[in-house]
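Student: Sharing the record's features from TrEMBL:
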BINDING   B:CYS98, B:CYS101, B:CYS138, B:CYS141  Zn(2+) binding site
BINDING   B:GLU113, B:HIS130  Fe cation binding site
Protein chains: 2
Amino acid sequence: MDTKKRLEHIIELLRQQGKRLTPQRVAIIKVIVEDETHPSADHVYTQIKNDFPTTSLATVYKTIKLLKDSGELLELEFGDDGSRYDGRKPHSHPHLICTGCGTIIDTEPENFENIIAQMTLNSGFKIQGHRFDIYGLCPSCQK
Amino acid sequence: MDTKKRLEHIIELLRQQGKRLTPQRVAIIKVIVEDETHPSADHVYTQIKNDFPTTSLATVYKTIKLLKDSGELLELEFGDDGSRYDGRKPHSHPHLICTGCGTIIDTEPENFENIIAQMTLNSGFKIQGHRFDIYGLCPSCQK
DNA sequence: CTAGATGCAAATCGTTTGCACCGAA
DNA sequence: TTCGGTGCAAACGATTTGCATCTAG
């Protein structure tokens with residue numbers, strides 16, 4: 001789904017939920033849907049400030065919570081440096097994370113759900129989701 | 001490696017590093033090595049308090065840091081409720097986590113390192129470790 | 001109009017740190 | 001004896017919350 005479609009999808013979803021579409025809220029969602037770098041809350045806030053100088057970080061967090069609760073935003077929690085967000089593909093998927101520069105890269109291995117299903121076959125668990133981060137050095141940080 | 005051997009291994013390692021083996025420190029390490037529930041810092045602290053009523057949470061955290069830095073303790077960070085620790089198998093391995101009761105279960109799938117190697121084959125990354133949590137409902141929480 | 005949203009400041013909470021005192025080696 | 005360790009309390013920092021004000025519907 002392209003960015004514009006995804007933005008419209010979320011807007012429509014919020015409308016159906018009776019949520020108000022304030023300019024700040026729409027601007028925040030737009031950044032979250034367009035930014036491919038898995039931004040932090042503060043990074044989103046910084047981008048919003050350009051167009052809405054009075055916007056507060058609290059509003060960014062409230063909008064993030066709104067999207068999380070609607071299943072439209074994937075949160076990647078890092079205990080130390082806070083969370084990063086993926087609003088482009090809000091379902092669980094593995095990420096490659098460079099320990100050198102901090103870059104987070106999406107991966108979508110084929111049959112990954114099958115691998116999980118097979119791994120957990122004898123556990124009796126009813127699987128709901130996962131968190132899979134692979135840490136390493138990206139090509140340019142290896143130099 | 002059984003619990004006793006593992007405790008002795010860590011003790012010896014610290015001795016080689018010129019670290020002091022205070023009674024509190026040894027007690028904390030003992031709990032970390034014996035507790036199979038992936039305890040939180042506070043949970044370790046509670047257990048230590050039985051034998052060392054004056055011990056502080058700060059000392060528990062300092063000892064945890066010591067073990068982490070020596071590669072003898074795996075930290076599982078959860079943004080919300082803090083971290084849980086695995087001092088029994090301090091290398092990266094997948095965990096099954098019940099979203100109902102919070103239980104954390106170790107898994108050790110065969111060839112898992114191979115799966116990661118294959119998944120990241122085209123990325124150019126030099127892999128250092130991973131974090132893999134699978135979330136779901138355990139058998140008893142499904143009732 | 002009015003319930004929901006904003007935005008400031010204060011509160012939260014796991015974790016870290018400063019520092020005076022203590023004790024393992 | 002000496003330097004690393006302990007433990008109290010204060011600091012930290014990302015996130016949350018209270019509340020008066022504002023505004024989308």
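Here the Cβ of each residue, glycine as well, is placed from N, Cα and C on the backbone.
On a predicted model such as this, the values are computed, not experimentally measured, just so you know.
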Student: Name the binding-site residues, out of B:CYS101, B:GLU113, B:CYS138, that lie close to chain A, meaning a Cβ-Cβ distance under 8 Å, keeping sequence order and answering 'none' if none do.
Tutor: B:CYS138
Student: Whole-number Å distance between the CA of B:HIS130 (Fe cation binding site) and the CA of B:CYS98 (Zn(2+) binding site)?
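Tutor: Given the Cα positions, B:HIS130 (Fe cation binding site) is 20 Å from B:CYS98 (Zn(2+) binding site).
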Student: I want to check the contact list for B:CYS138 (Zn(2+) binding site): same chain, sequence separation of six or more, C-beta distance under 8 angstroms. What comes out?
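Tutor: The answer is B:LEU96, B:CYS98, B:GLY100, B:CYS101, B:THR103, B:ILE105.
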Student: Please work out the number of neighbouring Cβ atoms within 10 Å of the Cβ of B:CYS101 (Zn(2+) binding site), leaving out its own Cβ.
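Tutor: Other Cβ atoms found within 10 Å: 10.
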Student: Cβ within 8 Å of the Zn(2+) site centroid (B:CYS98, B:CYS101, B:CYS138, B:CYS141 excluded): which residues?
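Tutor: Nearby residues not in the site list: B:THR99, B:GLY100, B:GLY102, B:THR103, B:LEU137, B:PRO139, B:SER140, B:GLN142.
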Student: In three-state terms from DSSP, label B:HIS130 (Fe cation binding site) for me.
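Tutor: Note: B:HIS130 (Fe cation binding site) is in a strand by DSSP.
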Student: Select the most exposed residue of B:CYS98, B:CYS141, where exposure means the fewest other Cβ atoms within 10 Å, treating these as the binding-site residues.
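Tutor: Per-residue Cβ counts within 10 Å for the binding-site residues B:CYS98, B:CYS141 bottom out at B:CYS141.
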Student: Whole-number Å only: compute the distance from the Cα of B:CYS141 (Zn(2+) binding site) to the Cα of B:GLU113 (Fe cation binding site).
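Tutor: That separation, Cα to Cα, works out to 30 Å.
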Student: Taking the Cβ of B:HIS130 (Fe cation binding site) as the centre, count every other Cβ atom within 10 Å, in any protein chain shown.
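Tutor: The answer is 21 other Cβ atoms.
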Student: When DSSP states are folded down to helix, strand and coil, where does B:CYS98 (Zn(2+) binding site) land?
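Tutor: In three-state terms, B:CYS98 (Zn(2+) binding site) counts as strand.
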